[in-house]
Structure formats: C-alpha cells, structure tokens
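First the structure, in the form of structure tokens, and then the observations on it.
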Amino acid sequence: MEKLIIQGGQPLVGDVHIEGAKNAVLPIMAAALLASKGPVELTNVPILSDVFMMQDVLKSLDARVKFDEQRNYLMIDANQPLNFEAAFEYVSKMRASIVVMGPLLARLGHARVAMPGGCAIGSRPVDLHLKGFEALGATITQSHGYIEAKADQLVGANIYLDFPSVGATQNIMMAATLAKGTTVIENVAREPEIVDLANVLNKMGAKVFGAGTEEIRIEGVTELKGTEHSIVQDRIEAGTFMIAAAATKGNVLVEEAISEHNKPLLSKLAEMGAQVIEEENGIRIIGPDELKPSNIKTLPYPGFPTDMQAQMTALQLMAHGTSVMTETVFENRFMHLEELRRMNADYQIEGQSVILYGPPELTGAEVAASDLRAAAALVIAGLVANGETLVTNLQYMDRGYYHFHQKLRALGAHISRADFDEAGHRKTTQKLA
C-alpha cells in the first residue's frame with residue numbers, strides 16, 4: 001500500500017505549474033466520438049488516472065486513441081464504425097464516463113452505458129441526463145445495471161434543468177449538436193469547463209451559443225469533424241495550491257492562474273487575511289501569520305465550488321475563531337472531517353453545515369482519503385500539523401492531481417510517497433521527479 005508521508009511545519013515558497021483541467025478534458029474526450037471526419041487532437045492534457053480510464057472507455061467503443069504523455073498530447077480518431085456499448089468494466093470505475101452517452105446517442109442513435117461509479121460523494125443521480133435525452137426524442141430503458149437510449153433521429157427541444165448539473169449540461173449539449181432543429185437548454189451549468197467543451201464543439205462544426213450563461217442554444221448540424229484544442233487550466237488544482245500557500249504561511253505564485261475562474265475563492269482567501277496579488281504571469285498567495293474565520297456556502301458556478309469545499313474546511317480549521325461551511329451541492333461531502341478529527345480538528349456538523357472551531361493544535365496521524373478532494377484536504381492539514389502525517393487511499397488523489405507531492409516538495413514541503421508492506425513497514429520512497 002502506498003502512503004504519503006508528511007512532516008508538517010514548512011511554509012510553501014516558489015512557483016507552481018498548473019495542469020489542464022480534469023473536469024474539462026474528460027467530456028471533451030467523449031465529444032471526440034461525434035467527429036465522423038478527422039481526428040480530435042488535444043494538448044495540455046493532464047496525466048491522470050481518470051484520463052487513462054476514459055481512454056480505455058473510448059477504446060472499448062472502437063475509437064483509436066494515442067496518448068503522448070511527454071507532450072501532454074492526446075489524439076482521438078472516431079472516424080470508423082463505433083461500438084454503442086460502454087462496458088461495466090470501465091464505466092463502473094469512473095462517474096464521468098456517463099458523458100459518452102450523449103455523443104453515442106447522437107452519432108449512432110443507440111447508446112448502452114453501465115451505471116457510473118467513481119468518488120463516493122452522495123447519490124449524484126443521472127436523472128437529469130436521461131430526461132434531457134427523452135426530451136430530444138430518445139427512448140430510455142434501465143436494466144441489469146445498464147442504461148440504454150435509442151432514437152432514430154434526435155429532434156431539438158426546449159429543456160429546463162431542475163438543477164444546473166455540469167454533467168447533464170455537457171451530455172445534453174453534445175447530444176443536441178447532431179439533432180434536427182434547435183435545442184434550448186435553460187438553467188444550465190455555467191462552469192469554465194462548459195465553455196471549454198462548447199469551444200471544442202464549435203471548432204468541430206457545431207453551432208453552440210450561450211455557453212457560460214444560464215441558457216445554451218444549439219442548432220443541430222448533420223456532421224462534425226476533427227479539430228485541435230488546448231485544454232483550459234484546472235481551476236481546482238490552482239485553488240488547492242492557493243489554499244495550501246495560505247495554510248502554511250507561504251508565498252506561492254500559481255502560474256497562469258485565471259482570476260475570473262476563482263473569484264469566490266480569492267475573495268474568501270483575502271477575507272481570511274491572505275494577500276492575493278495578481279501578477280503578469282499568475283496569482284501570488286501570501287499566507288497571513290493569523291487566519292481570520294469565514295462563513296462559506298458552496299453553490300453552482302459562479303458561486304464557491306463544491307470541489308474546493310474539503311480543502312477550504314481544512315483552512316477554516318486553522319483560523320482564529322469559529323467558521324461555518326455550508327454544502328448545498330452534494331450530500332455526504334463532509335466525510336474528510338472524521339479523518340481530520342484524528343488530527344485534533346474540532347467541529348460540529350448540523351445538517352448541511354459544519355461549524356469549525358479554530359485554531360486546533362493539529363497533530364500528525366494516519367488518515368485515509370474518502371475521495372479526490374478529501375485527499376487534498378488531508379494533505380493540506382498534514383502540511384501544517386505537528387509531527388508526521390500518513391495519508392492513504394492515494395488512488396483518489398491520483399485521479400485529479402498530477403505529481404502532487406513532487407510539486408509540493410519543490411515548494412519546500414517535507415513530503416514523500418512510499419510503499420508499505422502489510423505489516424506497515426516502509427519499503428521504498430519515490431524520488432522527486
């Protein structure tokens with residue numbers, strides 16, 4: 001079993017490079033299935049386990065995929081006949097793979113996709129995806145752990161999402177690109193990753209208007225072709241390093257960070273006493289000697305992102321005073337707090353909110369990540385805690401952070417990754433790449 005070993009107490013200092021966005025590249029990879037002429041070529045592709053899993057999903061659908069990790073380059077060729085079934089073997093491991101359903105339905109008129117898996121955060125139902133497909137004229141059946149959608153011809157429709165779901169917005173938008181007529185989707189997600197997907201689709205020949213607003217209009221076309229595209233920067237990775245800098249009283253330049261994508265986080269960091277400095281080549285965060293408490297509520301974009309909630313609660317615990325975090329997007333997203341309690345965190349959960357009493361004297365402990373962002377929160381706490389912290393379940397971390405511990409170590413953290421045997425003895429320690 002691999003574990004991160006962290007000796008806390010070191011401020012993070014230096015510059016950090018941020019990868020392409022995981023939450024952008026996965027649906028864009030799925031969108032490549034829509035191209036019946038020419039390959040889709042992507043650059044700034046993050047090297048993450050989720051990207052490899054999506055690559056396996058696409059290959060199982062008979063797309064040709066080439067991933068050059070040295071260049072962060074990914075080529076997807078879906079010009080040949082495709083398989084309509086995304087098997088349980090792949091889809092069950094990663095929730096985001098449900099986004100192949102819209103492209104398959106649009107391209108083939110038939111999609112059969114295993115119920116998705118991935119991080120254990122709430123129920124995350126796919127009902128909104130399916131209602132959208134039905135509105136476009138598809139027939140939906142569910143049996144034996146699979147969802148099946150069929151349509152002789154998708155037809156444009158007016159669709160209202162009960163909640164601005166990112167995945168549903170992406171899936172319906174992709175399905176509508178080849179539908180007959182015009183589709184209008186209201187109350188859509190507005191995330192930068194939605195805009196990035198729309199940009200790719202339009203480069204492929206689609207007619208998508210309004211991405212980034214509350215309403216998206218898609219005028220259907222008869223075919224889409226390959227294109228080239230560079231993946232937008234990962235605002236969640238950028239935000240994670242910003243929080244880590246503030247937590248450790250550090251001084252970190254997050255290279256090429258896009259302030260427009262992180263407004264709520266930057267506002268809260270400043271409110272808590274951090275210096276937020278926009279420079280020509282990025283955003284610099286300088287942590288304060290004493291953090292101030294804050295009250296935060298997660299909301300769909302452009303509100304405070306739920307994917308930053310776990311990391312931010314770790315920071316709130318370090319503030320001098322009482323802070324509150326309210327989670328409105330997903331249920332069961334406070335699971336990391338039980339692990340932080342092992343490090344001496346003091347808090348009280350009340351419904352959708354958690355009251356965080358700071359600052360505790362955080363002490364190192366062995367803790368287990370329950371999901372991707374929980375892993376980041378535990379690492380941030382370990383960077384500040386007295387003594388040694390061991391973080392396990394690193395497979396979650398690898399889904400969304402590339403060379404996380406190497407980047408932290410380059411900033412001055414005392415952190416390494418090692419393999420342990422069943423008796424708990426350390427076997428090897430990975431060197432800084």
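The backbone N, Cα and C atoms fix where each Cβ goes, and this holds for glycine too.
Under the heading active site, proton donor, Swiss-Prot lists Cys119. According to Swiss-Prot, the phosphoenolpyruvate binding site annotation covers Lys22, Asn23. Here Swiss-Prot flags Arg95, Arg124, Pro125, Val126, Asp127, Leu128, Asp307, Val329 as UDP-N-acetyl-alpha-D-glucosamine binding site, drawing on sequence analysis. Per Swiss-Prot, 2-(S-cysteinyl)pyruvic acid O-phosphothioketal is recorded for Cys119, and the stated evidence type is sequence analysis.
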Fewest-neighbour residue among binding-site residues, criterion Cβ within 10 Å, set Asp127, Asp307: Asp127
Between Arg95 (UDP-N-acetyl-alpha-D-glucosamine binding site) and Asn23 (phosphoenolpyruvate binding site), the C-alpha gap once rounded to whole angstrom: 11
All-chain count of other Cβ atoms within 10 Å of Val329 (UDP-N-acetyl-alpha-D-glucosamine binding site): 22
Three-state secondary structure, Asp307 (UDP-N-acetyl-alpha-D-glucosamine binding site) (per DSSP): helix
Pairwise CA distance, Asp127 (UDP-N-acetyl-alpha-D-glucosamine binding site) versus Asn23 (phosphoenolpyruvate binding site), rounded so that it is a whole Å: 20
Val126 (UDP-N-acetyl-alpha-D-glucosamine binding site), number of other Cβ atoms within 10 Å: 20
Which same-chain residues, if any, lie at least 6 apart from Lys22 (phosphoenolpyruvate binding site) yet have Cβ under 8 Å of it: Pro46, Leu48, Asp50, Val51, Asp234, Ile236, Arg399, Gly400
Least buried by Cβ count (within 10 Å) of the binding-site residues Arg95, Pro125, Leu128: Pro125
